[in-house]
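Engineer: Take this structure, written in structure tokens, and hold onto it; I'll ask about it next.
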Amino acid sequence: MHDIGIYGLGVMGENLALRAHDVGLSVAVFNRTKDKAFALAARVGNPRFEAFAEPAAFVASLRRPRLLLLMVTAGPATDAAFEAVLPFLEEGDVLVDGGNAHYEDTLRREARARQARIAYVGMGISGGELGARTGPALMPGGDAEAYTRIASRLEALAARLPDGRPAVAYMGKSAAGHYVKMVHNGIEYVFLQLLAEAYDALRNVYGYASVELADAFARANQGPWESYLIGLVRHILTVPDPETSQPLVEQILDVAEGKGTGLWTAEEALRLGVGGSTFAAAVHARNLSRERDLRLACAEACGEPWHRPEALPAYETWRDALHAAVLIAYAQGFALLRRASETYDFAVDLANVAQVWQSGAIVRIRFLANLERNLRRSPETSHPLLFPEIWEFVRERENALRSFAAWAVRTGMPAPAHLAALADLDGLRRRRLPANLIQAARDAFGAHTYRRIDREGSFHTSWPDPEGREIPRPRS
């Protein structure tokens, strides 16, 4: 009998299956195109790695309690796989969806599985193709008791933190696992946009050559800021194009695609009324990149926006601005997770999130260890910037972020994610915002009422009309 069944052998499914075999688990695999499953099993050449042609035999080959991991494209393909295996599962078995499902789909499938007395776990997976093969970050949510039944097998699959702990932990109830992965991807969108803006400044304004660019990012990738993504950019900048011998990145069309998870995160922040300006900025920036024909037409008709800056900021200003903005993006992500946990009753363990993201995950960065330590010590703290240690990271770099943002504006270099991070930082610390004017206007034109600062209740005022109009009296 096999320890784990993996349904779906795309890039992630295949590499997770091989990872499971590497760590000593006995693996059953199934794929809609059966030849792929049998070819993979033949390549492994071990009876503890077996392919199956039919869902019934595939499910029956798994030891109880069964762990069956769906690794298919989110959406209709997941529904089809779900329905294909459900009739053969039994009470006590655990069906895990490892795709990038929208959390609302996870809620729906969880309810369907509950009717069949099957435990359903929505699990975010991060690490990409290489991470799946060498150890990913796993974010399971759902039935807590079901998670305990499969925890040891998931821990074997997961990456390891420097202290030896696995990059897997229980995220929370219901659709918490997929919600956490959605926010992970939203942070990833912002991080990449911030890196693109930092690259733009060095390459197109500072005029750095490729070697200088790589060195700048290498120096920024140290201490608490050591991260997968900064390191990745550093390596990208060193790769030559085999056809032109120029940096390959310079030959890539400036159009950024996406699969929608960044948009989901921005939408959730708007829906729940929590600060998510950096998520929206990153999504809008990708949208603008896809308007390439329009951009070229506007550049031709209106001229490019470059203005000669008074002076170039120091390297340290560039670096510290990037670091501060990155931390603010993570803070927005954790604030969104907290609000969603309260609103949807997910009971998300934020310290576990910070733990899991420290290894294997695309968004891994060393300061998450500091954040985890603070969250375990004071889990009720409502925002990461309220931890003195985390705030100190930002405070020391606030002036750099402000200087870089102002320089970008004067230069004509779009830096929407840096500007959004700064606006959020400033807005969060204002005791009084000008929203009172907005509420007065809403009451004036729509009688929406307002609240006062000196007493409870809702109030309405008959404001003078700017055009001198009066509400006509009813005719007698």
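The backbone N, Cα and C atoms fix where each Cβ goes, and this holds for glycine too.
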Engineer: Of Asn100, Asn185, which one shares the NADP(+) site with Gly8, Leu9, Gly10, Val11, Met12, Gly13, Asn31, Arg32, Thr33, Val72, Thr73, Ala74 in TrEMBL?
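Structural biologist: Only hit among Asn100, Asn185 in TrEMBL's NADP(+) site, alongside Gly8, Leu9, Gly10, Val11, Met12, Gly13, Asn31, Arg32, Thr33, Val72, Thr73, Ala74: Asn100.
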Engineer: Since TrEMBL lists Asn100, Ser126, Gly127, Gly128, His184, Asn185, Tyr189, Lys259, Arg442, His448 for substrate, which candidate among Arg286, Arg473, Arg475 does it give for that site as well?
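Structural biologist: Site partner of Asn100, Ser126, Gly127, Gly128, His184, Asn185, Tyr189, Lys259, Arg442, His448 for substrate, according to TrEMBL: Arg286.
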Engineer: Restricting to the same chain and to sequence separations of six or more, state which residues have a Cβ under 8 Å from that of Lys181 (active site, proton acceptor).
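Structural biologist: Listed in sequence order, they are Asn100, Met123, Gly124, Ile125, Ser126, Met139, Thr261.
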Engineer: Return the count of C-beta atoms lying within 10 angstroms of the C-beta of Gly127 (substrate binding site), excluding that atom itself.
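Structural biologist: Around the Cβ of Gly127 (substrate binding site), 26 other Cβ atoms lie within 10 Å.
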Engineer: Measuring Cα to Cα, how many Å separate Thr33 (NADP(+) binding site) from His448 (substrate binding site)?
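Structural biologist: On Cα coordinates alone, these residues lie 59 Å apart.
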Engineer: Would you count the other CB atoms within 10 A of the CB of Thr73 (NADP(+) binding site), including those on all shown protein chains?
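Structural biologist: If we count other Cβ atoms within 10 Å of Thr73 (NADP(+) binding site), we arrive at 14.
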Engineer: Given a separation of at least six residues and a C-beta threshold under 8 Å, show me what packs close to His448 (substrate binding site) in the same chain.
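Structural biologist: For His448 (substrate binding site), the qualifying residues are Gln439, Arg442.
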Engineer: Which residues does Arg286 (substrate binding site) neighbour through Cβ under 8 Å, counting only same-chain ones at least six apart?
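Structural biologist: Sequence-distant Cβ neighbours: Tyr189, Gln193, Ala256, Glu257, Gly258, Gly262.
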Engineer: Work through the binding-site residues one by one (Gly8, Gly10, Asn31, Asn100, His184) and point out the residue whose CB has the fewest other CB atoms within 10 angstroms.
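Structural biologist: The binding-site residues Gly8, Gly10, Asn31, Asn100, His184 were compared, and Gly10 has the fewest Cβ atoms within 10 Å.
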Engineer: If you compare CA-to-CA distances from Asn31 (NADP(+) binding site) to each of the recorded positions Gly127, His184, Glu188, which comes out shortest?
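Structural biologist: Closest candidate to Asn31 (NADP(+) binding site), judged by Cα separation, is Gly127.
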